[in-house]
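Q: According to TrEMBL, the active site, proton acceptor annotation covers His240. What TrEMBL lists as NADP(+) binding site is Gly17, Gly18, Thr19, Gly20, Asp21, Leu22, Ala23, Arg24, Arg51, Lys148. Summarising the annotation, TrEMBL assigns substrate binding site to His178, Lys182, Glu216, Asp235, Lys332. Taken from TrEMBL, the feature domain 'Glucose-6-phosphate dehydrogenase NAD-binding' covers 14-187. Residues or ranges marked as domain 'Glucose-6-phosphate dehydrogenase C-terminal' in TrEMBL: 189-481.
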Amino acid sequence: MVSRVIPVDPFDLVIFGGTGDLARRKILPGLFRRFRAGTMPEESRIIGSARSEHTDEEYRQIVSDAIAEFGGDEKDDKTNLDAFLGRLHYVRVDAAGDEGWEDLSALMRDGVIRAFYFSVGPSLFGALAERLHRHGVADDDSRIVVEKPFGRDLASARELNETLRSHFDEHQIYRIDHYLGKETVQNLMAIRFGNVLFEPLWNNHYIDHIQITVAETVGVEGRGAYYDKSGAMRDMVQNHLMQLLCLIAMEPPAMYEADAVRDEKLKVIRALQPVDYHHLVRGQYDQGTEGEPGYREDAGDPRSFTESFVALRCHINNWRWAGVPFYLRTGKKLKARTSEIAVVFQDLGHSIFEGDEKRHRNILVIRLQPNEGIDLQVTIKEPGPGGMRLIDVPLDMTFADALGPEAEDVPDAYERLIMDVFRGNQTLFMRGDEVEAAWAWTDPIIAGWEARGDVPKLYEPGTAGPDDSAMLLHRDNRRWRDIKA
Ligand code: NDP
Ligand code: BG6
């Protein structure tokens with residue numbers, strides 16, 4: 001395949017939390033894949049960092065083991081693996097103390113991009129920014145990559161933004177939402193703004209409603225301590241689903257450029273109406289029929305009221321979307337792992353086909369994962385004799401079928417986003433005001449639940465969530481699409 005990848009300049013990437021779960025599972029295997037693809041320039045280095053004591057050699061072994069465990073077929077490429085491991089170093093640093101900072105400072109080089117990935121618990125983000133600055137480890141061109149969660153409400157997000165901005169300019173801060181790095185999420189913009197077909201219909205004159213579903217089959221195994229203080233609203237809706245909503249609903253930006261795109265997303269979030277209590281459903285997965293642990297066992301709190309499922313109806317207060325409901329749902333332990341956006345167009349105003357009483361609708365489905373692709377439901381004549389009977393069929397374009405090996409060879413979300421950091425491209429990262437606006441919309445929902453002592457509805461694992469979720473649409477004479485892989 002001919003590479004159309006924009007090259008990056010040599011870098012030193014310091015991963016704070018370089019021995020942690022995220023680094024081992026996603027960041028380091030992803031960097032190895034980029035190395036193999038030839039997009040990691042000569043002279044670039046990766047410096048793992050944490051409080052525990054390791055030599056460079058020990059750290060290389062940790063990373064080699066992580067790639068063996070979490071990498072794909074590339075883990076068997078011994079020659080490249082050895083060359084990649086040779087780029088790795090380790091420095092012991094306490095993010096919240098003063099140990100190790102001089103060693104780190106001594107290791108940094110001039111003339112290469114310095115990037116610092118905050119892959120540690122969120123309580124350390126501010127401490128890291130302050131110490132990077134105080135110990136002169138960062139320079140004016142340095143970039144910091146900040147993991148989620150970015151605050152747990154508006155007040156804490158504001159405080160974190162203020163802390164980060166007191167040491168770094170906004171253009172140096174890369175707030176990760178890994179959904180923005182997914183190939184098909186970017187395809188949302190390509191589909192909308194790269195085709196003449198859809199944009200004229202993209203409004204309340206033609207669209208009946210939009211459904212956004214992010215369904216997972218996994219529970220909260222192993223992450224209960226974090227998740228139980230968060231819940232689906234904070235963990236998924238405030239960030240990932242909000243970003244999908246923005247990309248599907250925003251006005252066309254003047255160009256594909258970081259601030260132009262983020263300005264438009266921000267306008268969507270600010271135009272969101274507060275959500276009515278009756279348009280909210282919270283659920284929590286129950287024990288399985290075969291005795292599999294329920295949410296409370298997974299979370300380690302037998303009395304937890306944290307939600308593992310949310311469904312809601314919201315509205316965007318602007319000319320384009322007035323009167324068009326957006327239905328969002330996400331949950332764990334559902335019947336299939338699938339993320340999709342369905343744009344459901346309005347019924348035909350009048351049918352010329354006598355006897356055809358069925359409701360025919362065009363539905364554009366953008367499948368984010370798995371089987372990335374788009375599928376447009378259209379109405380055609382049922383083949384064969386017997387007059388004009390109409391049926392609805394999908395015009396299906398699965399990208400892997402249409403594009404062949406090129407579609408399979410794309411970088412995953414983390415790989416793409418990390419490389420964008422070195423390219424200085426913030427288009428796929430959240431700006432501080434966006435994150436705050438998202439919290440400003442989410443906070444009253446969570447506060448309402450807390451004030452009412454809301455108890456989430458139990459749902460059976462392997463289903464589509466609590467019955468109330470189906471009711472949310474039934475009341476509007478609509479239905480969720482089936483959750484299927
Ligand atoms: P882990 O608990 O697995 O790892 C934490 C890492 O931070 C370890 O390397 C630990 O090493 C290091 N660390 C802890 N305290 C300090 C300190 N004071 N100074 C320096 N290093 C320290 O966490 P995860 O990797 O799971 O998560 C990291 C971040 O990524 C979190 O913000 C999380 O919310 C986010 N995230 C994680 C995801 C995941 O799938 N794991 C998904 C999305 C976001 P040591 O103890 O030796 O210091
Ligand atoms: C993370 C959430 O941000 O996204 C997890 O914290 C969730 O709870 C995950 O499982 C889902 O990501 P993906 O890429 O598997 O859809």
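Every residue gets a Cβ built from N, Cα and C, even glycine.
In TrEMBL, annotation is done automatically, which means it is predicted and not curated.
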Q: Counting other Cβ atoms within 10 Å of each residue's Cβ, which of the recorded positions His178, Lys182, His240 comes out lowest?
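A: Ranked by other Cβ atoms within 10 Å, the recorded positions His178, Lys182, His240 bottom out at His178.
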Q: Taking Cα atoms as reference points, rank the binding-site residues Lys182, Asp235, Lys332 by distance from Gly17 (NADP(+) binding site) and give the first.
A: Asp235
Q: Relative to the Cα of Lys182 (substrate binding site), which of the binding-site residues Thr19, Asp21, Ala23, Arg51 has the closest Cα?
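A: Among Thr19, Asp21, Ala23, Arg51, Ala23.
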Q: What is the pLDDT of the domain 'Glucose-6-phosphate dehydrogenase NAD-binding' (14-187) when averaged and given as a whole number?
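A: That stretch averages a pLDDT of 95.
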Q: Looking at the binding-site residues Gly17, Thr19, Asp235, which have a C-beta within less than 6 Å of some atom in ligand 1?
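A: Result: Gly17, Thr19.
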Q: What same-chain residues, at least 6 away in sequence, bring their CB to under 8 Å of the CB of Glu216 (substrate binding site)?
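A: Thr330, Gly331, Lys332, Lys333, Leu334, Arg337 - these are the non-local Cβ neighbours of Glu216 (substrate binding site), listed in sequence order.
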Q: Just to be sure I understand the contacts, which binding-site residues have a Cβ under 6 angstroms from any atom of ligand 2? Candidates are Gly17, Asp21, Ala23, Lys182, Asp235, Lys332.
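A: Those binding-site residues that pass the cut-off, since their Cβ is under 6 Å from ligand 2, are Asp235.
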Q: For His178 (substrate binding site), which DSSP three-state class applies?
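A: Looking at the DSSP assignment, His178 (substrate binding site) belongs to a helix.
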Q: Within 10 angstroms of the C-beta of Gly17 (NADP(+) binding site), what count of other C-beta atoms is obtained when all protein chains are considered?
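A: Result for Gly17 (NADP(+) binding site): 23 other Cβ atoms within 10 Å.
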Q: Say you check the Cα of His178 (substrate binding site) against those of the recorded positions Asp21, Arg51, His240; which is nearest?
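A: Of the recorded positions Asp21, Arg51, His240, His240 has its Cα closest to that of His178 (substrate binding site).
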Q: Would you find the one among the binding-site residues Asp21, Asp235 whose Cβ has the most company, meaning other Cβ atoms within 10 Å?
A: Asp235
Q: Quick one: Cα separation, Asp21 (NADP(+) binding site) versus Asp235 (substrate binding site), in Å?
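A: Asp235 (substrate binding site) has its Cα 17 Å from the Cα of Asp21 (NADP(+) binding site).
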